[in-house]
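Annotated features in Swiss-Prot:
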- Cys52, Cys53, Cys117, Cys148: [4Fe-4S] cluster binding site (BINDING)
Amino acid sequence: MSTPLDHSIRNPISSAEVPPELSENIILTSLDDIYNWARISSIYPLMYGTACCFIEFAAMIASRFDMERFGMFPRASPRQADLIILAGTLTMQMAVPTRRLYDQMPEPKYVIAMGACMITGGMFSADSPTALRGADKLLPIDVYIPGCPPRPEAILDAVTKLRKKIANESPQERQNLQQTHRFYSIAHQMRPAPPLHTGKYLLSETRQQPPQALAEVMGMNIPAFQSPEQQELLLQSGQQRELISREVDEAYKSSSKMY
């Protein structure tokens, strides 16, 4: 049985035309893009702050900045959060609890360091025996927000940069892109130190009566700064400070055993 010949070309040289009703209903993408699109639209930050910068983060919850338009809903449990914003000063005493919260967060998880104190130690980096000089010594930081304190607009800009970073990454490659030059772990060998300012310097003999060698160099007698009665009162106050410092040391040692 013969059939009529079909003179239409099945495989034309030119590109095939896609009907408009078909092009408006088909999207070409990959599973990674869909996965990242879902994650950037549902970033759940942890409600965690260590100092004053957290007040600026709390301002984002209000209607003026409205972080919920980014799909950000604050969570009180680290097991329900995938973003931790480190806001404020990180001390040696809070380093271990902060690391414990980070370990309890499910993968993939991200960290934003907010404020000068969290990035470099800030004004506490000069002579503070307890401040941590940068949170990147403890956790892998994804975005840094400089400022003292940063404005809520800067936090939104950091969230936008984090969303771009999430959109361009692959879940298979994230484990290979972890920082390797930091020592962010429990075994960071950082131990709390006893307080340095105990008031014992007030008991020094040369504090009230200059040393004899200084008087010989100057060629004149240097009188004492305090009278004997005042020195006796100062000695009593110094003994009280020493007693208080001992109580503080004992309380400090007992609290450090908890960690």
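Glycine too: its Cβ is placed from the backbone N, Cα and C atoms.
A map of Swiss-Prot features onto the structure.
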{"residue": "Cys52", "record": "[4Fe-4S] cluster binding site", "Cβ contacts under 8 Å, 6 or more apart": "Gly88, Pro149"}
{"residue": "Cys53", "record": "[4Fe-4S] cluster binding site", "Cβ contacts under 8 Å, 6 or more apart": "Ala87, Gly88, Met114, Gly115, Cys117, Met118, Pro149, Pro150"}
{"residue": "Cys148", "record": "[4Fe-4S] cluster binding site", "Cβ contacts under 8 Å, 6 or more apart": "Gly115, Ala116, Cys117, Gly122, Met123"}
Coarse DSSP state, helix versus strand versus coil, of Cys148 ([4Fe-4S] cluster binding site):
coil
Using the centroid of the Cβ atoms of Cys52, Cys53, Cys117, Cys148 as reference, list every other same-chain residue with Cβ within 8 Å of it (recorded [4Fe-4S] cluster site), in sequence order.
Ala51, Ala87, Gly88, Thr89, Met114, Gly115, Ala116, Met118, Gly122, Gly147, Pro149
